[in-house]
Structures are given as C-alpha cells and as structure tokens.
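S.K.: There's a structure below that I have some questions on.
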Amino acid sequence: MAARVLRLALAGRPAAGAWSRRASRGSSHLTAPRGRTEAPQEEERPHFSRSSIGSFFQERPQLRNPFLQDALLQGYLRRHLPAQAVSAVGADLERFGERICSEVDALGRQCEETPPRLQHCDAWGRRVDRILTCPAWGRMKEISAQEGLVAAGYERTFRDWSRVYQMSKLYLCSPSAGLYTCPLAMTDGAAKVIESLGKSGPLDKAFQRLTSRDPQQFWTSGQWMTERKGGSDVASGTETVARLQPDGTYRLYGFKWFTSATDSDMTLTLGRVEDSLGHTVGGSKGLSLFYAEVRDELGHLNNIEVQRLKDKLGTRQVPTAELLLDGLRAHRVSEEGRGVASIANMLTITRLHNTVSAVAGMRRIIALGRDYATKRFVFGKFLKDHPLHMQTLARMEVETRAAFLLMMSVCRLLGREELGSASELELHLLRLLTPVAKLYTGKQAMSVVSEGLECFGGQGYMEDTGLPGMLRDAQVLSIWEGTTNILSLDVLRCLAKSHGQVLEAFFTDAKSKLATASGKRELGPAVTAVDSALGRLGQLVQTVAQLSPRFLELAARDLAYSLARIYMGALLVDHAAWEGATKTDLYAALRWCEQDLCPVVTKETHGCYEQEAVAMDTALVYDGSPVITHSAL
C-alpha cells in the first residue's frame, strides 16, 4: 500500500484512499478520506510532505545602551568636563541610552518603514497639499522636545560645555532617530541665526518655540535655500522675489526646488527684494533673509503649494519637497542684501550636525558588528575569534575614534564661542575645522558603514534587517550642506579671508598637542609622523603666495584631507597621552598615524597640480567621447 501511494504521489496522481491535505487560514490540516476512520500511519505519508527547514536560526545583533558601550565617549567626558558636570551629564546620557534602546529605536524603524506621502486634494477635490507622516514621526518630535535635543544647546546649563552635552545626546540618538535629526539640525541652525540677529518681534516667539522642552510648544524649522539653478551657488541660483507690503511684511514668490523637513512649522529662506519698479539686485548682494511661518492661524498652508515629494536614495523618512511660493507672507530679518552673511551661523550648526550624524553612524555599525561577532559561528569558531575579521573591525574603529575626537573638538570650540570665552586662536580653529570636519567625516561614514555591512555577510544586504538603510542614509552626508569639493573651496576662502591666520592657529594648536605627548615613549612613532606631516605642510604653505589660484583650487581637496588627517592624528596622540588613557587609546593613535597624513604634499610631488596634469585629467575623463577632442586640449 505504501509503495503504491508513493509511486502515484511522485507521478502527480491522487491515490484512492490516500490522505489528502487542505489549507485553512494558512495552516495545514489532515483530512481522512470517506470510509476511513483510523489514524494515519507515519509510513503512509508522501515523502517531503513536511520537509524540514532545519533547526538553526542566526541570532540577531542586539542594540545595547549606546552610552555604556562607548568607552571613548565616557573617557572624553571624564577627561574634559568639569568635575561637577561629569556626574550629571553621565547620568543623563546613561538614562537616555536606555530610552533609545527601549523606545526610540523602534520608532525610528517605523519612520523608515512608513515614509511620508503627499495628499494633494481632499475627498471633495479641494487642494490641501497635506504631507502625511506616520505617528512615530510625530512621537519623535515630542521626544526631541522632552530630551532638549535643541534646547540643551541654548539653556547652557553646563556653560561652555553645553554644546558637548547636547551633541553627545544627538550622537547617541542619531542612528535610532529615523532621521528626525535632520529637522533638528535645521531647527538648531534657525535658533542660532535668530539668536545672532536679536530676538525681537516675531523672532522672539519663534526662538522660544524652537528651544522649548514642551512638546506642545516646540517648533521645528525648515531651510529653504535651494532653487532650480541652485545647489550651493545660492548667489546666482536664487530667483525668489520679495514684494514689500503696506504693513511692513513681504510676500514671497518663487520656486524652492529642495526643501528639507517640509512639514516643519517655520522656515528661514532667501529672496530678492523688488524696488518700486520691480527690479532686483543680482548676486549675493541682492539676497535678503526672510522668516515665515508655514501655516496660518487655521492650519492651512501660507500661500504655498507642494508640487511633489522628492524620491531619494536615502533619508526617505524626511519629507523633502518642491514648493511653489505664491505670496508667502514673510518678515525680512536681515539687513537688505545681507542674507548670505546672516545664514553663516546656520551653516556652522548644520555642518556640525552633519558631522555628528556621520560619526554616530560609524559608531552604531561597529557596535552592532562587534555584538554580531560574538554570535556568528562560522568555519569552526565565532567571528570574534577570526583575526582577519577583528583586524577589519579595528580599522573601522580607528577611523571612528579619529572622527569622534574631531567632532568633539568642534563642539567644544562652538560652546566656547557662544559663551564669549574663546580665544582668538580658538575662533580661527572653529572657522577652519567646521568645514574640514564635515567634509572628511562624511567620506569616512560612507566607507565605514559600507565596510560594516560586510560584517553581516548577506544579511547586511537584506532590507528587513535595517542595515542597508544605514548606508543609503550615509550617502547624503557628503552632499548636504555642501559637497566635498564645495567645502574644500570653502577652506580656501577661509584661509584667504583670515590672511593665513587660521593656518597659524592650526599649526600652533597641533604642535601644542604633540608637546603634551613628547615624554611618552610609546607614542614616539605617532608623534614623529604627525610632526613630520606638519613640517611638510608648512613647507608647502610657505610657497603658497607664489602659487597660482588655479594651483590652489586643484589642491583644495587634498589640502582639506591633509588638515583633517594631521589634526585627527594630533587629537589621538593628545588623548593617548592623557593619564587616564588606555592601551587601546595608544594603539588607535599609532595605527592612525601609519597612513599618509599629508596627501597634498605627496600629490604635489607627483605633479598632480601642474597644467599638464589638468589637461590629461580632462583627456582621461573624455577619452573616446565626442564631446571634447584631444586636440582641443
């Protein structure tokens, strides 16, 4: 009987009296054929009727309290914060770390899985342009207020260490926040601009809301600068016009091509004031800064049409839109023609937030990777026991530690600047290191997070693990608030405007950090490497005055990389020389300084900035293309 059933089953034909299977609500049930009441015999079941899928399931990496897992952050706070602040800050960060694990991380995942959508019309055909976000996005706003993720920077409870405290919370939270850190960055930037301009009139109400801890009062701000011609070139790309009204307000007309966090409550934006004849001034001299509330008293959009939401590679959680301003009521908050100068403070803040997000992403992928290494058993042992795997994670760790110390240096300098306690040297360093940190850590984040995905093998490529989204989101870090090349040119402008004083500050500070480590023999190779790089850079700088502007532009990117690597080396050496440093702090400094710390000199030696190299670069790019012929070069 059993043999006959097997033959018929394999032939795809039902057998008389055989057991049949039916599906009910997704479950399998056995039904005895008519005339049979005995229990089925195991040997009568068709082969493979219940094929085994195996008993092994890989244990997932676990997110643990990110503060307690971060030895470098704890060490930095113990070393630098005043004694009375260490306990309070540490306790709050530990408590917040638990909240991240128990609440925030799940909300961030919901934001990723339920991106915003645009409803153009209501059920009756009326144009409403509602941006619909998930409940988790709204909950993130409430938590941000409660935790003071913006407010902490302006309450200044810990005086000039308040920015370090605030950014430490954002650093812990950022990878779990479902990109809510994006509107927080612009909110922080808007608050900084308003504080610098003076909190008067409508700006006073805005500032109070932007820096509130009350979820019912807290506002977020958008940043509407980019237009179709746009990108970083706002001077020639801004076409929005502002028409003065009898009551002293303005009406804005224009098209904003890229507006982040479009569901925010207010915005700062640029426009050109029309004179009585309808004429405007071109270039940056014609741009003024305006403040506008996004909705009116009834909650309707303030003469704004949402054309569409952007379909982005990453940061899908953040509603980013194209907007038509058709008479947006606004207040001019800068002097006429001083709009670009007025947003300088905003760029300092948002670029710092960008740096924090980059370093936080690196730290999170390493935290998950090292936990996974204790759970993944392959080729006879756990990943943590494979030396090559540990070497890879260690190299990622060195990159992250260097980035962390650079990030914290900018946070500390900003806090001192805001309290008026910064020296002239520190002010120059803040101006130089802000773009340097943003451009370099943005590149590091993409590399480290990409490497981190490999630590999970195929699971690192699976969307439902949440890991691929980290890489997509990291890509924006080298683009938002200025690409790597744009920021490299900003570094050049910084050097020119300060007549070289920022470089003097850089050299002075880096050498002082090396001096603190000069007596520690174990750090000798790292100290020598940083000192040598400083010397080579100094020799190049001495010839800068004789170099053409075209040479400097070509060298800008490598110069920025050199400044970053040298200063990171000095910071790692300085931290490793601290009496509370560990062997791993020492090891990280040594490893970092094994690389080429001054690529701008290396490239100059190889003639990469010569005119012939320029021609060959173009020839190489367009080789075989009809666009440009070699003869034209």
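Glycine too: its Cβ is placed from the backbone N, Cα and C atoms.
Bear in mind that TrEMBL entries carry predicted annotations, made automatically and left uncurated.
So TrEMBL lists the following for this protein:
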type	residues	note
COMPBIAS	13-28	compositional bias 'Low complexity'
DOMAIN	223-326	domain 'Acyl-CoA oxidase/dehydrogenase middle'
DOMAIN	337-493	domain 'Acyl-CoA dehydrogenase/oxidase C-terminal'
DOMAIN	501-622	domain 'Acyl-CoA dehydrogenase 11-like C-terminal'
REGION	13-50	region 'Disordered'
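Let's see these features in context: how buried, what's close, how far.
M.R.: Counting residues of the domain 'Acyl-CoA oxidase/dehydrogenase middle' (223-326) by DSSP class, helix then strand then coil, yields 7 helix, 48 strand, 49 coil.
Each residue in the domain 'Acyl-CoA dehydrogenase 11-like C-terminal' (501-622) has a pLDDT score, and their mean in this model is 94.
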S.K.: Per DSSP, what is the residue count of the domain 'Acyl-CoA dehydrogenase 11-like C-terminal' (501-622) in each of helix, strand and coil?
M.R.: 99 helix, 0 strand, 23 coil
